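Student: Straight from TrEMBL, here's the annotation block:
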type     : residues : note
SIGNAL   : 1-22     : signal peptide
TRANSMEM : 63-80    : transmembrane segment
TRANSMEM : 85-105   : transmembrane segment
DOMAIN   : 153-240  : domain 'SGNH'
């Protein structure tokens, strides 16, 4: 485009303008218009309607920022590794200095204030802040599988096994780890206390809702194909609930395990266990609390190993 404009100017403009047009085009080609093509008067003066490459200053600012960005982010990343607030503090100080320089230079050097890259840095940082706020507002555990991936236990086998559930999963984790270390290549547990992998409305807790909504997307985005999924969970008490056609609890459970069947390549192992207090349910103080726990195996293929 610069070459087309330059050739058109040489053909259409008077000869005494050719030298200045050629100089302006060189600055534009090397993305230095915001420094080498500064107008002698204010940017919005009438006399500045005629320079052909004057408005390439904004493109020059962008390109120069792209060249500076790796260094800025390298410093930001280095500081953030030490402490996250250090990285954000560096960005805020840099943005504040940029805005201050634009304000202070505006009276004596209006064109430098308007066109210099450093005076425009704060605007780029505002864009980054808006993007970060949007990403933070939509952030879920499912978008960060690498965090879970780092805690995977390595075994001598080849299977990818994932254990999901609530605090009972912790106890089962060590049992599977010791008894199946020759089966799995990686064994990962993803669990949180109290919460179920479904039916978050049973516990009026915000974290349970997030856990139930994230767990299937997490497994779908797993870095490696999952061979076996193990689920283990329990209620605090034995809940009396009469299931009926279209029952929302039954539907939620069915949908959850149907989704697991689509994810696990070989088997879904689920427990049917309740930590229950019958004395609360039937008003029988003579009945003690206990643990009822058994496992059901759903094989998707003919063999698990």
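We number each residue from 1, going along the chain as drawn.
In case you wondered, yes, glycine gets a Cβ from its N, Cα and C as well.
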Student: Tell me, roughly as an integer, the mean pLDDT over the domain 'SGNH' (153-240).
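Tutor: In the predicted model, the domain 'SGNH' (153-240) has a mean pLDDT of 78.
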Student: When you scan the chain for residues with a C-beta under 8 Å from the transmembrane segment (63-80), skipping those not six or more beyond its ends, what do you find?
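Tutor: The answer is 31, 34, 86-91, 94, 117, 120-121, 124.
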